Each structure stands twice: as C-alpha cells, then as structure tokens.
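Reviewing the structure listed below.
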C-alpha cells in the first residue's frame, strides 16, 4: 500500500509541476510579447524623442515601403531565445531603475550620451538587422551597395550594418537631441 501511495504522490506532483510550468510559460510569453511593443517601450517620457525619431524613420510606422521594425527588433540580440530573454530582462530592469530614479529623464542626458559615443555604436544589434535583411546581394541593388554587401557577406570587411545605415532607425538622432535641448532651454 505504501508503495502505491508514494507513486500516486509522485504522479500528482509531476502533474502539478507540469501544469505550473505551462502556466509560468504562458505568463512569460504574454509578458515578453506585451513588453515588446512600441507603445510599451515609449510609455516613459524619457523615450519620447526615440519614439518620435523612429516614427519618422525608414523602419517606423510609415508608408515608405520598407520593413517596419519595433524597438525589440533592433535593440535586442536575436542570436537565440536565451540570449534574447537575458538581454530583455537586463535592459528592462536597467530602464525601469533609470525611470524610477530619473537617471535618464532629460534630453541633456541623452545628448551627452550620444555625443560621447564612438561612431556607429548605436545600441542596435547586427543580429536584429540580419533577422529581417537576410538577402543582402539581391538583384537590382546599386553596384556600390552590392559591392559593400558582398564584402560583408564574405567577411572581407569589419564594417557592420550600422556603419553604412546609421540613420535608418532614428534618422539624425543627434540633431534631434540638439534641437530638443535647444528648444527646452528657450522655454
């Protein structure tokens, strides 16, 4: 009798554990999806400038005919689910703490941040570009682009997508930040 009782307890435990894992997985999937929207990312006032410049850019919600990207498409790595979730969690916590403490709350903060960045390091991931842009040497592209993309594909260059396409996500972000700071100071 004791053997059957412990076996029944084990089966119940496994069933409960399985159900709990399913519920946890579902909740996690819903959270990952809901926190990956542009609306969520731009819900904090310190992200307003980024939402505005993205909306006006080539990958924003426009009718320019190019791929429309969300924040997470460019600003999170797409090298695997684990890497993606770790980065999303890390950056999410960092952004939350920065929001609560006001650490990144001003345009002046962002202007200083961008003015001191090395060229073409825009906190966008190469894997994000390549997730959507798989065929880089497609027929019909200009010769200059074909040559650059071919060199990239063959590993003959150290340039990244952002080196050539640095305004595709947010246009001239540095100019927008300078104009925003100037406007704030004139108030």
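Quick reminder: no glycine exception, Cβ is built from N, Cα and C everywhere.
Not measured: the values here are computed from a predicted model.
Features of the protein shown, as given by TrEMBL:
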- 41, 44, 47: heme 1 binding site (BINDING)
- 71, 74, 75, 170: heme 2 binding site (BINDING)
- 129, 132, 133: heme 3 binding site (BINDING)
- 161, 164, 165: heme 4 binding site (BINDING)
- 10-170: domain 'NapC/NirT cytochrome c N-terminal' (DOMAIN)
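Projection of TrEMBL feature records onto the structure.
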residue	record	Cβ contacts under 8 Å, 6 or more apart
44	heme 1 binding site	95, 99
47	heme 1 binding site	41
71	heme 2 binding site	36, 38, 41, 42, 50, 54
75	heme 2 binding site	91, 123, 124, 125, 128
129	heme 3 binding site	74, 161, 162, 165
132	heme 3 binding site	67, 69, 73
164	heme 4 binding site	148
170	heme 2 binding site	50, 53, 54, 57, 176
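Other C-beta atoms found within 10 angstroms of the C-beta of residue 74 (heme 2 binding site) number 24, with every protein chain shown included. Surrounding the centroid of the Cβ atoms of 129, 132, 133, where the record places heme 3, the chain contributes additional residues within 8 Å, namely 67, 128, 130, 131, 134, 161. Long-range Cβ neighbours of residue 133 (heme 3 binding site) (same chain, at least 6 residues apart, Cβ-Cβ under 8 Å): 67, 161. Taken together, the residues in the domain 'NapC/NirT cytochrome c N-terminal' (10-170) have a mean pLDDT of 88 on the 0 to 100 scale.
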